[in-house]
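Feature annotation from TrEMBL assigns domain 'CMP/dCMP-type deaminase' to 15-126. Annotation source TrEMBL lists Zn(2+) binding site at 65, 90, 99. Residues annotated as active site, proton donor in TrEMBL: 67. Taken from TrEMBL, the feature NADP(+) binding site covers 165, 181, 195, 207, 211, 236, 279, 280, 281, 282, 283, 284, 285. Per TrEMBL, substrate binding site is recorded for 179, 215, 218, 277.
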Ligand SMILES: NC(=O)c1ccc[n+]([C@@H]2O[C@H](COP(=O)([O-])OP(=O)(O)OC[C@H]3O[C@@H](n4cnc5c(N)ncnc54)[C@H](OP(=O)(O)O)[C@@H]3O)[C@@H](O)[C@H]2O)c1
């Protein structure tokens, strides 16, 4: 009979395990945006003596999983050691072999993982490791970097974050249409850092035609980050004339006439984590379609009194129909605030 997996909290970890956990979390965060359709997992290995001897993050599709990179670094030091992994080790052969087998072969004595694997074909790794005599515990913790992937697997479609940059009174542009630089430099830098962790950025033809944004992820000095998200435009108006140098696909843009066709296409492309950057009518359409899973709201200390609101046509007529979100975190960025929200009662 397989034993139920022991549940532990961060307070149950030894100092060495707590340090290895930090390393595993950082390794997972570093590869976010590069692994889809696979999850951005991080792993760390402690030797039997408690020495950190391997750290790894999942490589792009077809490449090794986090555990394999960390085990390779650890070499013979993994014998009798502990593996800390942000996601339950897989037990199936996909493009790479089962991580459970690799951990067993390396002589790992204990595995601590955080999230259970929700994919039917990969799940069950914990039981398999226990059957091989390895001590297994599940750590009660939430890994923010894994949430979009976990949600995407559960929903059977990409996880969708709506990004809004607005004034305190909820406007994204002034009455005369001016909208650039609502937020300050620290918030804008944060937008670029976030973009390179996403699989795609989505805008409407209205924003494409008004602003002709490059939608690239750039460093403060203007250089492109190595990872660039796919750029998607929704709407029927042609935008080709904005890009005289080539066709849309060659320039890394895809255009779709509506949200459902976009969602089914990008799901088949293996995209897991996408960011809707507006404008207000597209934001309203995503809300009305009830597919917004998270909000990323940059709030500038400005009041406009009138202008364009951050969302238009969200399909709400009375308070009880409001789209509800719960606050997950706030960060001060210069004079602006970044507030992150998760949809309440996801469908
Ligand atoms: N401050 C910010 O964070 C921010 C961010 C983005 C944009 N903006 C500002 O917003 C302004 C543009 O606003 P906007 O509302 O016109 O732009 P938008 O939301 O980017 O684009 C609207 C267009 O998107 C398409 N669309 C929206 N919902 C759709 C649906 N359900 N199915 C198919 N197509 C759909 C339609 O295109 P077709 O008509 O072509 O079919 C629609 O006309 C610009 O001035 C820009 O600067 C501000």
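Please read every residue number as a count from 1 along the shown chain.
Each Cβ is built from the backbone N, Cα and C atoms, and glycine gets one as well.
Keep in mind it's a predicted model, so treat the numbers as computed, not measured.
Within the set of recorded positions 67, 90, 99, 165, 279, 165, 279 have a CB atom less than 6 Å from some atom of ligand 1. Mapped onto three states, the DSSP output places residue 211 (NADP(+) binding site) in helix. For residue 281 (NADP(+) binding site), the nearest of the recorded positions by C-alpha distance turns out to be 179; the candidates were 65, 67, 99, 179, 215. Least packed by the Cβ count within 10 Å, out of the binding-site residues 65, 195, 218, is 218. Under 8 Å, Cβ to Cβ, and six or more positions away along its own chain, residue 99 (Zn(2+) binding site) finds 65, 67, 68, 85, 89, 90, 91, 125. When the binding-site residues 165, 195, 283, 285 are screened for a C-alpha within 10 angstroms of the C-alpha of residue 218 (substrate binding site), the residues that qualify, in sequence order, are 195. The average pLDDT the prediction assigns to the domain 'CMP/dCMP-type deaminase' (15-126) is 94. Secondary structure from DSSP puts residue 165 (NADP(+) binding site) in a beta strand.
Cβ-based crowding with a 10 Å cutoff singles out 67 as the top-ranked of the recorded positions 67, 211, 277.
Only 277, from the binding-site residues 179, 215, 277, place their Cα within 10 Å of the Cα belonging to residue 283 (NADP(+) binding site).
Residues in the domain 'CMP/dCMP-type deaminase' (15-126) partition by DSSP class (helix H, G, I; strand E, B; coil) as 38 helix, 23 strand, 51 coil.
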